[in-house]
Every structure is written in structure tokens, then in C-alpha cells.
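Student: Take a look at the following structure, please.
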Amino acid sequence: MEDFEWYDPLLITDVAFLQQQDLTHTNSQIHSKCIFSTLCISEALIMANSVDSSQTEIDGRSVIGFSLASPDLVICMGSPDVPSPGYEFSPEFLKGDRIDVSLENGIKGAEMKESLENRAGNSEDFYTDSSFELVASPFVEQNSLKYCTHIMSINVGSTDSIMFQREVQFSEDSCFNGGDIVRTNDPITGDGEGLSLYQTARFGNCLYHFDHLEPRTYMVDLYFAEIVFTDGPPGKRVFDVYLQDQKVVSCLDIYASVGSNTPLVISDLKTCINGDEGLSIRFEGVIGSPIVCGISIRNNASAESEEVEGMGLTYMPQCKSPQDVGYGSMDEEFHRLQIENESQKKELAETKKVLEEVKRENELRSRECQEALKSLNELRNELMRKSMHVGSLAFAIEGQVKEKSKWFSSLRDLTRKLKLLKMDHITLLEEATSFKQCMADMNGFSSIIHSKINEHTQLYSDVKIKLLKGVKERKELYNKVLELKGNIRVFCRCRPLNLDEIAAGASMAIDFSSEKDGELTVKSNGISKKIFKFDSVFSPQADQADVFEDTAPLATSVLDGYNVCIFAYGQTGTGKTFTMEGTSDNRGVNYRTLEELFHIIEGRKNTFRYEISVSVLEVYNEQIRDLLVSGSQAGVTSKRLEIKQVVEGGHHVPGIVEARVTNVNEVWEVLRTGSNGRAVGSTNANEHSSRSHCMHCVMVKGENLINGECTRSKLWLVDLAGSERIAKTEVQGERLKETQNINRSLSALGDVIYALATKSPHIPFRNSKLTHLLQDSLGGDSKTLMFVQISPNENDLTETFCSLNFASRVRGIELGPAKKQMDSTELFKHKQMTPCESPKETRIGSKKLSSILRRSLHKKIQIKSPMQQPHVRKIGVNVGMEKVRVSIGSRGGRMGHRALPGNARRVVIKDTQQKQSTREKERGWNIGKTTRTVL
Ligand SMILES: Nc1ncnc2c1ncn2[C@@H]1O[C@H](COP(=O)(O)OP(=O)(O)OP(=O)(O)O)[C@@H](O)[C@H]1O
């Protein structure tokens, strides 16, 4: 057990080793070393009979293993006793009846072996008789040989045939069944010629069968020699011999009879064959395996004459050849032998008695041994079970150890992780502590911040209120400033002489020496004819920026929610388009105003949100054309555009393109698109532009982000058609129609302005498309800026006078205080959200405001018109070719003087009063039938 390991669940018991312990020190090396081994493996050893006995010697350490997985017995070839390492299945000799070992039954077969071993081990107890018994009484016929004929002789265990004793031919071994061949080279006692018969033998239970023998009586001689157990002890091999299944020799022990390597011949065994069954000779072991060296069959020659019964026993060493033995001595010898036989018989009888006693004692001891063996077996089985249990426990422990080692390793990992987690935990605790501190600080800060926020919120709301109040005040003040400047303002701009005029030697008819005071003097032939005063006067040297500087405040008004109208009026070629549109290098009022709008919007972005969209229209022949719609042509109205009144008296042109603009670049694109549309619509752009009104409408939606107040306002930028007078007779056809339409629209503009000036209950806005479109921005609640464009050329003096007179009259008209344009829907929404004054309070407030404004306006008129006559002032508005004369004076008064400022007015009145009166009477379309007094 100590020399090997097992690699699978296998319960090992070194049975042979245990057995060996008892026998190790016996004299006989082979037999004493391993009885059990011999029992177990003798057959295997003997089967390999070509190997001599020393080579077949086994050290006796054989290990039997019990697989826990299989009930079969396995032999552990890893034992040092077994040549090849490894496990094998049970060898043949351990199977069958001999040994039956299983986990269920324990070692059943072992019991038998144990008994044999014990018997063999206690050889003294197991010694049988030193001689064997012939079943039939032996009968030795000394002379029988000479009457016999050898029929068949077999040299058992040899492939050679030999001549035995020079007379009997022993043929090679045949007709056998079972057993194995053994051979020895040891000399056989009495070795001599033919004794080699005994050096080979058949070992083990075996049967010889001879067919084809005639039915008759035969004599059989059997030759034996102990060549295997040559060191004894006796009783180790005891066997029976059967002839025709009839035991003829019982318990033959060759060693006990003659010793080893000594021939023993049992001769004259008589048998009879009755039919064709043949002759069978069977050797069957009682203890150990039988061994036989030769078989000889003779016919019984004396059988016919003499019945020979019984068998003879011949001891070959004592045998002498017939030639050596004389008949006389034979008698003596026979006699002596008879005496000796008698004495031996007696001795044998005594010995038998002793033997009987020994046998009884032996049986007694055997029973004791049996019981001891039984208990031993039980103990062994118990041991086996315990061992198996221990094995299974060992296996389980091994598994548990492995499992435990896994657990240990995972425990180590977990411990390591736990350490890390603890470190993390400590770090987190530290962080949590600092975080708590931070939280406390933060809470402190938070409360401070909250209090600050509250303070600032309060401050913010105060500031907001103040801001709103301030904004409101600013607007009001701003508006008042503009009102004080006049809600309708007139700027006069004079273009420079162009190259052609200079080349033609044209002279300047305008003197701008008092330009800064808003005055200009019209000269004729170097003599001052008339002085005109306007809100601003721009000489030919004034550039676009100078012009816009005075225009810019209106942009603020638009964003404050007031409607504004800026238009350029004047004779063709005086620079209306230049002032309004300008050029790409020298941009005009249109672009600059919108640029200013975006500039202000950017400045107000935190408090206001604005949306701006632009429409570009053209009024030609009293038809409205959308210049932002590509493909539309002048005079060809693809879609008829009409003016509709919308909520709160506003006006709108349904279907018109409103281009949303968010920056000045987009503005420029829209303006260019409109300008191109105007040019595309005409074969002669300049001519066409002179005969149509180009109108830009900028719609502004504003939202006060602080109080939610919303406004909607409009800015009209109008480049009017040329206002020059053309005699009716000079034009006809289409041109006449154009002229009439231009005059009509400009006259309508004059009428509207007059009606506004005279506070007529009816303002004739609908008399032309131009005035109808401008209705929102010409009323009393809007601001108007007029550019009167004049030519410096003396040759254009007449038209210049007309334009200046028209502008002077427009300037003299007060439209009243401007009204802010509130988006009623948005205002309604806002009012729902914020508390407002009661209707009664509103009414009272508005009445108060009206009276204040009236008083303010009244004062202003008185301040602005110091030169006016205190009682009657007559205004004549000369529009284009058609001259509209409006008499301003006491009711029922006659047509008064044209209201012109200063001395010039008085001069003109004197010069022209008579002529005009006459002309108007001639024309018959004096619309100023009723004279009205300016407030
Ligand atoms: N202030 C100015 N400085 C320089 N050039 C000017 C000025 N005003 C007008 N001009 C030039 O005079 C010419 C005629 O101007 P513009 O076409 O603007 O006149 P208009 O009144 O619009 O004519 P129309 O009625 O035919 O449209 C243009 O070549 C223009 O560049």
C-alpha cells in the first residue's frame, strides 16, 4: 500500500501482501513467498511454460483494488508485483467460481482460497497420506508387460516422440483437452535413456480422449513425476484420475509418494471400451492441479485367456530391466515384498487409525479454523467496508479540500476587495464630511443668496416699475419733442446742378446762406424773390448721412409704436429716388431708416422683442402692384390688389408679400428686389419711376418683455411720382392718362392734408390709392416727414416755386398730437393679466389728456406762426400740374391769400393773387370752395 498512489476513487487492499507476511520466512523461496499469489496466478504462470520457474517467480505482492465506480474487482497493476503499471480488469483466474469478489458480496471466493491457503500454509495439517489410493485394489501383474501390446503411448507435454526404455515409442502429445504444458530441465532421478519422458508434463485439470479404439479391454499405464513443486511439501498437489469417468486413482500425491523429480508409474489400469465411445482419461485436482508426464495404452493380451483385474503400481527406480532380474530372485523378492507388504499393511492400518484421529482432530481444528476464518472474513469485510468508507471519505475530503481551497482563494479575493472597499469607504466618509461642511457653507451661502435674491427681486421690481415709468416718460417726452417739432415736418433738399446744366451755363436759383436756420431764398436773375422756411434745409452739398441725421428720430417713434410716413415730393429729376433709395454706395433714407430700426432693436433686445416685415408696392395709374412678386409688370395686373380696412381702422392689402427681415442685409435684398421689380416693369426705368409712386411699407410688431405690452406700427417710405406740371394739351393717350392719375393722386394727397389741417369731419383718404394706402400714417395719430426735392436750376424756377409752396403749406398744417398704435388684441391680453384703470378713470384721463393736448397745440400754433395774420390765413396747395387752392380765413370769406412765410409770401400774394384767381375761375375745379380758418 505504501508504494503507489491511486488516481481515481479506488479502494485498495493489499491482500496478497498481508498473506505474504505470514509466510515470508519459510525455507522454500518460491512457495513460501506467495501462496496466495500462487493460488491466484499459478495458472497464468504455468501457461507461460516456456519461462523457467525462476522467471515465473512472483514476489508475492499483489494488490487487489475495488473500483468505487464498478463492482468488478480490478487488479492494480501499479503494484510492484505486476510488470506493467496501470489498472486492468480482473484477470481470468480471478473470475468464475474461484474468486467472486464484489462490493456487494465481499470476498466470497476468497473464503475457499483462504481455506486452501491455510491448509497449504499449515502444511502439517493438510498433509494427506504420503501415498495415494487406488480405487480398486491394486493388482500388479509382474509379467503382464510381456503379454501386452502397446497400442498408443503419449509423451505428454512434448512435441517430440521418444523411445522409452528402448521398446516403447512415445509419440508427441495429442488427444488432450485442458491443462497446460510444463517443462523442467532438472535431472530426474534415475535419469537415463528415455527418462526425458518426465521432463515435460501436462499441468492442470485435463482430459485425454482416444477415439477409434476397438471395443475391448485395455491396459493403461500412467507416468508421473513432480517437476513443479520440487521443494515440497507433500500434500501440495493431490489429484484423482478417472478412466471412462470412473475414478481409478484417488488423491495421488506424487511428492508424498516418491518425492520430486522422481518417476512414478501407475500401470495396468484396466479399462474396457464397449462401443465406439473411445477411451477417456481424466485428471482432476483435489489440492492443486494434477500433473501427468506420459500415458501408455496397451491391449490386454491375456484378457482372452485370463481375466486380469486391478491395477499395478510401479516405482521406476526400483524397476529393473527384465534382463537384469532373474526369476529365482524374483520369487525371493516377491516373498520378501509380501512380508514387507504385510508389515506395511499393519503399519498402514495403525497409521490409518492415527490418521483417523488426526483427521478428527484436523476436522475439529478445521471447524475452529473455519469459524476463525469466518470471523476473520467478517472482520475483513468489515475492514473492506471501512476501507471503502475511508476511501469515499478520503475522496469526499479531497473534494472538500479542493472546494475549500477555492473558497479560501475567493475569501482572499473578497478580503482584498473588502480592504479596498474599506479604503474607499474611508475616503467617501472623508468626502462626506467635507461635503457636509460644504453643504453647511452652501446653506449659509444659499440663505445669503436667497436674501440677496429677494433684495434684488424687490430692487428689480422697483427698477422695473421705474424703468417702465421711465420708458413711458421717455416716449411721452420724445413724442412731445417730436410734436413740438411738428408731427408733419418738411425737409427741403436741393440737388446739385448736373453736368449738362453746368455745361449749358445754368445758374443757381437758390441761396442756401441761411440753410442752418432752415431757410432758403429763391432768386431770379440774381434778385431774391422769396424766402422759404422748413424744418430742415439741405443744400446740394449735404450728403445722405446729413439728411438721415434729422430723419433718424422717426425710427425711434416707429419702434415706440407710432405710425410714420416719409415721402419725397418734387419735380422729376430733383432727387426723390436718390434721397429715398440712394445708390449702393450712397444709400438713402429707406435703407438707413431700416438700419436704424435694427440698431435700436439691438439696443432694446433685453426689454423688447420686435418682428419686422417689409412690403414694396407701386401705384401706377391707380393700380397697386406688388414689386416683391416676380414677373408682375407695370400696367399688367396679374392679381388685382385692393385695400381693405381691418380692425381698429387699420388698412391692409390682402395678398401682398410681407417679407420678414431680421437684419440689414435682408433689408437691402428686399429693397433691391423691389427696385428691380420697378425697373423690370418698364421699358424706360427713369421715365416709369417718374410716373409711379413707389411705396415701401415697413410693418413693426413690438412686445415689451417686461410688461407684455404689444404694439403694431407702420412706416411708409414713399417715392412719389414727379409733380411737374404738364399742360393738358401737351400730352394725350396713355401719357395723358398717366398724368391725370398722377395729378389726381397728388391732388388727393393735398386734399387729405388740407382736410387734416382744417380738421374736416371728412378726410377724403379714398380719393386715390395713394392716400388710401397712407391713411394709417397720415392721420392725426401719426408722424409725417416730407422731403421736398427741388432743382437749383433757374430754368426750373416755376416748378421749384410750386413745390416749395406746396411744402410750405404742408408744413403749416398741424395734424395734432400723434397717437400710439396699440395692438388691440395683444393689449387686451395684457390687460387681462395686469390691473388697469376703470373705464370711468380712463375716460376722465383721456378727456384730461385731450384738453392738455388741445391747449398745447393751440399754444404751439401760436408760437409757430408768428407771421400769420391773427384773423385769417389762406392756404393754397399747388399739387403738380393741377393747382388746388385752399382759402383759409373766416367762414364765408372769399379766397384768401396763400399762406407763405415772411415777406416772400406777401410779395407772392400781391403778384399772383389776381392771376390765380382768374385761372382757377377759368379751370373751374377750385376745390377750395369753402374757406376755412386754421385753428
Ligand atoms: N443730392 C444729390 N446729389 C447728387 N446727385 C443727385 C442728388 N439728387 C439727385 N441727384 C442726381 O440727379 C439725378 C436725378 O435724380 P433722381 O432720379 O433721384 O430724381 P427723381 O426726382 O427721383 O426723378 P423721377 O421723378 O424721374 O424719379 C440722378 O442722377 C441723381 O443721381
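First residue shown is number 1, and so on along the chain.
Using N, Cα and C of the backbone, Cβ positions are placed for all residues, glycine too.
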Student: Between 334-386, 758-810, I'd like to know which one TrEMBL lists as coiled coil.
Tutor: 334-386
Student: Rank the binding-site residues GLN571, THR572, THR574, THR577 by the number of other Cβ atoms within 10 Å of each Cβ and report the first-ranked residue.
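Tutor: The residue with the densest Cβ neighbourhood is THR574.
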Student: Should we count any of the binding-site residues GLN571, GLY573, LYS576, THR577 as near ligand 1, judged by a CB under 6 A from one of its atoms, and which?
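Tutor: GLY573, LYS576, THR577, in sequence order.
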Student: So among the binding-site residues GLY573, GLY575, who's got the most Cβ atoms within 10 Å?
Tutor: GLY575
Student: On the three-state reduction of DSSP, what should I expect for GLY575 (ATP binding site)?
Tutor: coil
Student: For a quick check of packing: other C-beta atoms within 10 Å of the C-beta of GLY570 (ATP binding site), how many?
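Tutor: For GLY570 (ATP binding site), the 10 Å Cβ neighbour count is 30.
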Student: Tell me, how many other CB atoms lie within 10 A of the CB of LYS576 (ATP binding site), whichever protein chain they belong to?
Tutor: 29
Student: For the domain 'Kinesin motor' (487-813), what's the model's average pLDDT?
Tutor: 84
